[in-house]
Amino acid sequence: VRPKGIVQQSAPGPNFHSLLSVGMSQRALIRRREAGEQPDKSEKQATPAKPGLVVGLLTAMRVWSFTSTVSPQLVALAVLRFHCRIELPGCFAILALLVSLLALQAAANLVNSYKDFERGIDTKETAGDRTLVDNLVSVPVLVALAASCLLGWCAYFAWSVVVTDFSPTVVGLAILGTALALGYTAGPAPLKYVGLGDLTIFVCFGPAVVAYSSTVLVGTVRWEAIAFTMPVALYVVAILHANNYRDIEADSRTGARTVATFLGPRVSVIYYDLLLSCAHLGALAAGYHYSCAGAVVSLLVAPQSLWLCRRIRSNDMLHTQDEETAKTVLMFAVVLSLGIVAMPGVELSWL
């Protein structure tokens, strides 16, 4: 069980008790719904009011999952600057790259929400994504937001092609990434639902995006950056698998064939364990191969990974397993990046 080290120094006020009461009522309501019981009148009255538009939009974009994009880029930047000792462009260029990649991920998330709702996979009773089932935003607003995010990405894509003199690597990887992101749940044969979701996520958040960003920033693909970010990509796949494992019954009912439905509940948990284990082992292997002692620091996140492996076996906490995994991905990437910065070789950093 995760230790709780927060100590309250003063007595909580009435707002704290109100929020706590509502939270407990909501959890009780969810448990009764899962058990097939009807909520009583007092539980219905405890349901909080519908969030505002801004909260709805942030929920729709699944900002908690943005760590999937940020984490590989952090590690790649650390490798390029400190291990490869390549001068990077200014902060504006790096920020523009990151924002554009987040825009593409947001567009993919929104398309995913829309298609899952349209197919009946997301329902009020089973959906982890509450965007449309709880009417946090309307379908037209969601579609408009997805189009805006996609337009932002396309603008950067066009700019990156021009500044790299129409590099075939940049053009090819950007087109591939866009096609995979949108084809993940859209199109006649959505990749997620024909058992290719995990592979798609690994490619998009691992080798493909790192090769693209490396070429845009420094003009070439550095295999060191790809090697060190592949363990992070495995952790990102674990986010998806946690989501699919939670939705295994709903996906099976609607005919969606994810890796989780292929493996079944018991093997799916073992697969999740392997993803996290291979992420840690992969970081150590990359560090050994490229003589980067700082990669060992990634083991500091191992206790958190073990906690996640225990947590996924608890049905009471399964509905937020993907979010907790997403948080840990960022922890893993930050610690690995700091290790590379501090010890890019076998000695302390020259900076």
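Cβ atoms are placed via backbone N, Cα and C, with glycine included.
Residues annotated as transmembrane segment in TrEMBL: 92-111, 132-158, 170-187, 199-219, 225-242, 288-308, 329-346.
A Cβ distance under 8 Å defines the sequence-distant neighbours of the transmembrane segment (92-111), meaning residues of its chain 6+ beyond its ends; these are 60-62, 65-66, 68-70, 73, 77, 142-143, 145-147, 149-150, 152-153, 155-157, 160, 177-178, 181-182, 184-186, 209, 213, 216-217. Long-range contacts of the transmembrane segment (170-187) within its own chain (CB-CB distance under 8 A, at least 6 residues past either end) are made by residues 104-105, 107-108, 111-112, 115-116, 150, 153, 157, 160-161, 164, 193, 197, 200, 203-204, 208-209, 211-212, 215-216.
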